[in-house]
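If you check TrEMBL, you get these features:
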type   : residues : note
REPEAT : 134-168  : repeat 'PPR'
REPEAT : 169-203  : repeat 'PPR'
REPEAT : 204-238  : repeat 'PPR'
REPEAT : 239-273  : repeat 'PPR'
REPEAT : 309-343  : repeat 'PPR'
REPEAT : 344-378  : repeat 'PPR'
REPEAT : 379-413  : repeat 'PPR'
REPEAT : 414-448  : repeat 'PPR'
REPEAT : 449-483  : repeat 'PPR'
REPEAT : 484-518  : repeat 'PPR'
REPEAT : 519-553  : repeat 'PPR'
REPEAT : 554-588  : repeat 'PPR'
């Protein structure tokens with residue numbers, strides 16, 4: 001607050017603040033001015049009409065006024081005819097910290113101040129020393145404050161610089177804004193942003209987008225939209241991320257109609273009809289409000305000059321198909337046709353993918369028939385979708401028919417087609433057919449890879465066709481394709497299954513040489529097979545391989561080995577081995593081998 005005392009000629013101007021920064025005494029022959037300025041508190045304006053011959057008298061009276069500490073007073077001066085005091089409210093309060101103190105008695109006015117010229121340390125924010133600094137010095141202080149993470153102090157410094165017409169450093173201001181947003185001080189960040197713009201600096205679109213995101217996070221959508229409208233004026237127009245942020249935030253908060261009206265408003269203001277925000281808007285409307293409302297919005301946007309294209313429609317078809325809403329998908333396709341557009345392969349493929357997932361094969365045949373009559377016949381992607389869907393449902397014969405059909409239509413299968421079909425054939429035990437498809441693959445433009453060989457080898461070993469499996473194993477090595485752990489584990493399993501355990505041991509040794517991971521189950525399977533065939537010596541060697549490979553045999557493996565040793569007529573040796581394993585706590589005391 002302030003007080004005004006109005007006599008006639010001389011002027012005494014006093015700023016009595018909580019933190020007194022400096023006091024200056026200026027006087028002339030016929031007038032005196034005492035001014036004290038600092039940062040915070042009330043201001044007193046004292047205008048006295050007096051005949052003061054000496055400036056010392058006037059200064060003494062000003063000091064006495066300050067020392068009184070009163071808010072209501074009478075000041076006696078020579079020649080004063082009338083004194084009027086006006087109370088003036090001062091609202092420009094800030095939360096800056098100053099080291100000042102006014103005693104409770106009102107009779108004592110004490111000021112504690114600490115200022116420093118060390119730019120790297122914290123400073124007392126009184127106007128004096130910062131106002132006296134030039135722009136370069138204050139920017140150096142600003143840079144150090146930002147570097148040290150003193151964001152609030154840096155914000156206050158920028159406020160001071162703006163009052164004395166100094167331009168803050170653009171990089172520091174940008175980093176400060178981003179830092180304030182990250183700690184949730186969006187209002188402070190907004191003040192710094194306005195200072196930047198008013199100083200002629202242009203924030204980048206990333207900073208603006210962070211501000212928009214910060215407002216949206218706090219549900220201050222009006223502020224976010226206002227900021228978006230200010231962006232172009234500052235020389236940094238919004239981008240698709242700006243629009244997407246606002247649209248998604250409005251939908252996340254249930255403001256569906258407001259989101260639609262927001263985009264309409266942007267179009268009316270001359271915003272380019274960006275495809276991505278438009279498509280996202282339509283998708284969100286469909287998700288939250290249904291197909292009919294989405295189609296209505298499409299029509300409304302067309303009136304505003306933002307016409308839907310096939311990408312937007314395909315997105316809706318894809319969403320409807322994934323949700324299993326085939327009637328909605330059909331309605332969208334009808335809308336495509338009614339606007340003079342023709343669905344393309346992507347439109348049909350989205351629908352086919354969903355139909356195949358649900359096993360609606362009659363509808364699949366109908367869509368395929370329609371595609372063949374249009375200018376967008378089935379592609380390799382189309383056939384892959386159908387073959388994959390049929391294989392997952394176990395309809396391998398029908399999948400083979402589609403494979404033959406696509407070849408006859410000069411639609412060349414790709415490696416995905418072959419691998420999908422080979423996996424299904426091997427899973428169903430149709431290994432002869434799988435070998436035929438593998439031959440076709442070798443004769444095509446695509447060469448079998450590690451995955452292809454592993455798929456067929458696994459299928460052969462599960463049927464016990466180890467000769468054919470080993471032929472493929474040697475073939476892949478000749479082609480320079482290195483077998484991996486999956487290849488070898490399939491062979492080990494196959495040899496053990498047909499009781500050719502010695503061959504399984506050789507595969508284990510090959511895996512060891514190649515440093516392939518051998519799991520405990522593979523070791524156990526081989527040891528069990530060897531013990532079953534009375535090959536105890538070899539079983540012990542495999543056990544040593546297992547231990548050296550840092551695998552811990554379980555009780556079942558040891559029990560099998562002990563039993564095999566006893567069955568071979570070495571009962572004492574089996575009993576001795578049993579006791580040693582108990583002593584080493586490998587087997588339990590009451591365990592029976």
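Glycine is no exception: its Cβ is also placed from the backbone N, Cα and C atoms.
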DSSP-derived helix, strand and coil totals, residue by residue, for the repeat 'PPR' (379-413): 26 helix, 0 strand, 9 coil
Close approaches to the repeat 'PPR' (519-553) from elsewhere in its chain (Cβ under 8 angstroms; 6 or more beyond its ends): 489, 492-493, 496, 499, 501-502, 504-505, 508-509, 512, 560-561, 563-565, 567-568, 586
Contacting positions for the repeat 'PPR' (204-238) when only residues 6+ beyond its ends and CB under 8 Å are counted: 174, 177-178, 181, 184, 186, 189-190, 193, 197, 245-246, 249-250, 253, 255, 258, 262, 269, 271
Beyond the flanks of the repeat 'PPR' (309-343) by at least 6 residues, Cβ under 8 Å: 275, 278-279, 282-283, 286-287, 291, 294-295, 298, 350-351, 353-355, 358, 360, 363, 374-376
Tally of DSSP helical, extended and coil residues in the repeat 'PPR' (519-553): 26 helix, 0 strand, 9 coil
